[in-house]
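Novice: So that we are looking at the same thing, I have put the structure below in structure tokens.
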């Protein structure tokens, strides 16, 4: 090798060469992928088509091509005055394109698709009904909860008014030197009291049969008649006439 053929490591040609690390590996991988793709295309071309594929290709080709004079049906139409592209019928109100073919490829019987469609619609309708019923049940439960909550609040308010009436009744009775309430529940019960005999408990069962609302009505009437007192106003009046106003 002469001096002219020797590589000049100081020349621009050598400096401009791409010497990045890993580049040969990337090039080899790219070439391998291209080779594999070409091999797949060759195998696809050389692959023998199945009978179904060949039938489909022939059918699609025939359907795409227009009918020629060699077709007996088309020849009969031409004899009766039909021209290509013309609508059927005496006045041309019929169809222009032939009725498309609906190729059945599955093995299910006739009407199976309609049956499946009807079943799917029934299933969807049942699902909608279940959702509607569930929504109604949730709304009904919410309404019942609101009613119970409202009743509970009203009951708590009545219990508070009853305790307020019992406290006022006890104070007013004691001011009149009444040592024993007219009814045991007219006064507030002490927080700590001695245990009573079972006979005394049986005698007091009648008072526990009354509801909070009934107790409040009776005690309110007693306070108005006996002491001319109104728990809602918190005032003792001089007489019944003043209380009425």
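Just so you know, the numbers here start at 1 and follow the chain as drawn.
Using N, Cα and C of the backbone, Cβ positions are placed for all residues, glycine too.
Annotated coiled coil per TrEMBL: 110-144, in sequence order. The annotation compositional bias 'Basic and acidic residues' is assigned in TrEMBL to 32-62. According to TrEMBL, the feature compositional bias 'Acidic residues' maps to 189-206. If you look up TrEMBL, you'll see 69-115 marked as domain 'G-patch'. What TrEMBL lists as region 'Disordered' is 32-64, 183-209.
For the listed features, I'd like the structural context: burial, neighbours, distances.
Specialist: Only residues 6 or more beyond the boundaries of the compositional bias 'Basic and acidic residues' (32-62), in the same chain, are considered here, and those with a CB under 8 A from a CB of the stretch are 103.
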Novice: By DSSP assignment, list the helix, strand and coil residue numbers for the compositional bias 'Basic and acidic residues' (32-62), in that order.
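Specialist: Breakdown, helix to coil: 27 helix, 0 strand, 4 coil.
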Novice: Report the DSSP secondary-structure composition of the domain 'G-patch' (69-115) as helix, strand and coil residue counts.
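Specialist: Here the numbers are 12 helix, 0 strand, 35 coil.
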